[in-house]
Amino acid sequence: MSELLKGSVSGHLRRLTIPSIGGMLAIMVFNLTDTWYVSRLGTEELAAMGFTFSVVMVVGTLSIGFSAGSASIITRALGAGNVGLARRAVSGGLVLTIAGTLVVSVAGYFSIDPLFSALGAKGRILDLVGEYMSVWFLGAVFSIMPPVSDSCLRAAGDVKRPMYVMCICAALNIVLDPILIFGFGPVPAMGLEGAAIATLIARSVGMVASLYFLHFSHRLIDWNVPSLGELARSWMEILRLGVPASLNQVLGPLAQGFYIRVAAGVGGAEAVAAMATGTRVEAFLFILAYGYGIALVPFVGQNYGARAMDRVRETRQITLRFAWLYAALTFLILLPLATPVSGLFSVEAEVVRQSSLYLIVASLGHVGLHSSTWLSQMLNVVGKPRPVMVISVVRVFFLIMPLCYLGAKFWGFAGLVAGIAIGNLVSGVHAYFVSRPHLGLGSELFSPGRRDLSRDKHAPKGSVR
């Protein structure tokens, strides 16, 4: 029996959350390292790096989808004691990641110039983008694979090793970036191309490490060659669960783009700068929220798979209470600190004022944002992607966007921010009611009307140690 199926629910969630926070911090350090060293090259190089971020993020949604789909199956299978299914889900997810990334990489490599020209890059900046992305696309599998393999480790309840892997990647990137970007000894300066190579080397080491742990520590890689039918069934189930997760990831930047556009219309450059500052500070404040969301996946999935519905319901109640507590603490912290923190990012009084307004008012809606996010993660891991899509689409298109637009039209920047807060609050209430029937005693291990893969007659039986 897995240790997650017994003992204190809140204790397990704390134990799973803390290493996840460490992993998130390592990812932030990794990305900031690239940005800082590239900024030393000059403004054009930094601008080129900025153009690459959006495309890398979109391609990165592949890893989010493959991770979410695989982890959902793995956690429930391990909870049910079906190790054979978990192994096939791991192997199927890894092969699907390689295949999907290769397709996207080939398409991306041969469309770098038209793609980034359409995004607005031109002249020397377009050439610099080509230097970076031509290398990145050739080795994209090394960037996309680690999040998927790390997710498989976490699905097994192992949250420490993924943290170690991410810390190693971040440390290696810190060492390699200056050497490959600026040159050192016999190593020539390679500029942006060097930054891409450093990223891929660091990620490839992380990939090898996480695959090593999956195989040698957990024995979760099935080396038997599956039939085409088995592989197709595995991929279809992963995609059924993963595609909505990827789409949800796209909705976040889409909503932020809408905020920025509305802000530009009501407050010009100062309002846009204030929004950018506010969202950066929020990203730091949400590190604990991200870590808790990661912790929910193995715990809820394994207990749901074991039919321990009392523990799933208790997790849901703890999650909702934590959303209130976390949001309240954030608000109390921001009341005295919003202005001085905003002043770290800008010296313009109007930008600081509007950024402070954003941080304080938007935090009033954080309880709804955390509730809808965490409940959506719980729904996805128990194999219910459709309610997740309903929650996300309603939140972005039917709540936040219209409320932001109307608020900005009548009350300017303050109305825009109030629209975000109210939209998030209502979204939390909506998610509460949508999630109730899917996280109760009437739920099935796998979606109704679909073949229950846990009863696959070809799956070897076993218990989770």
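Glycine is no exception: its Cβ is also placed from the backbone N, Cα and C atoms.
Copied from TrEMBL, the annotated features are:
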type	residues	note
TRANSMEM	21-39	transmembrane segment
TRANSMEM	51-78	transmembrane segment
TRANSMEM	90-112	transmembrane segment
TRANSMEM	132-153	transmembrane segment
TRANSMEM	165-184	transmembrane segment
TRANSMEM	196-214	transmembrane segment
TRANSMEM	258-277	transmembrane segment
TRANSMEM	283-301	transmembrane segment
TRANSMEM	322-345	transmembrane segment
TRANSMEM	388-408	transmembrane segment
TRANSMEM	414-434	transmembrane segment
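Within the chain carrying the transmembrane segment (21-39), a Cβ under 8 angstroms from the stretch's Cβ atoms is held by residues 45-46, 49, 150, 159, 162-163, 166-167, 169-170, 173-174, 177-178, 181-182, 192, 195, 198-199, 202, 287-288, 290-291, 294, all 6 or more beyond its ends.
Listed stretches 51-78, 132-153, 165-184, 322-345 were compared with the transmembrane segment (196-214); the greatest number of C-beta pairs under 8 angstroms is found for 132-153.
Between the transmembrane segment (132-153) and the stretches 51-78, 258-277, 283-301, it is 51-78 that has the most C-beta pairs under 8 angstroms. At the 8 Å Cβ cutoff, the transmembrane segment (283-301) and the transmembrane segment (322-345) share at least 3 close pairs (sequence separation 6 or more) and count as touching. Outside the transmembrane segment (322-345) by six or more residues, the chain places 274, 277-278, 280-281, 285, 288-289, 292, 351-353, 355-356, 359-360, 363-364, 366-367, 370-371, 374, 428 with a CB less than 8 A from a CB of the stretch. Distant neighbours of the transmembrane segment (414-434): 259, 262-263, 266, 320, 323, 357-358, 361-372, 375-376, 387, 390-391, 394-395, 399-408; these residues of the same chain sit at least 6 beyond its ends, with a Cβ under 8 Å from one of its Cβ atoms.
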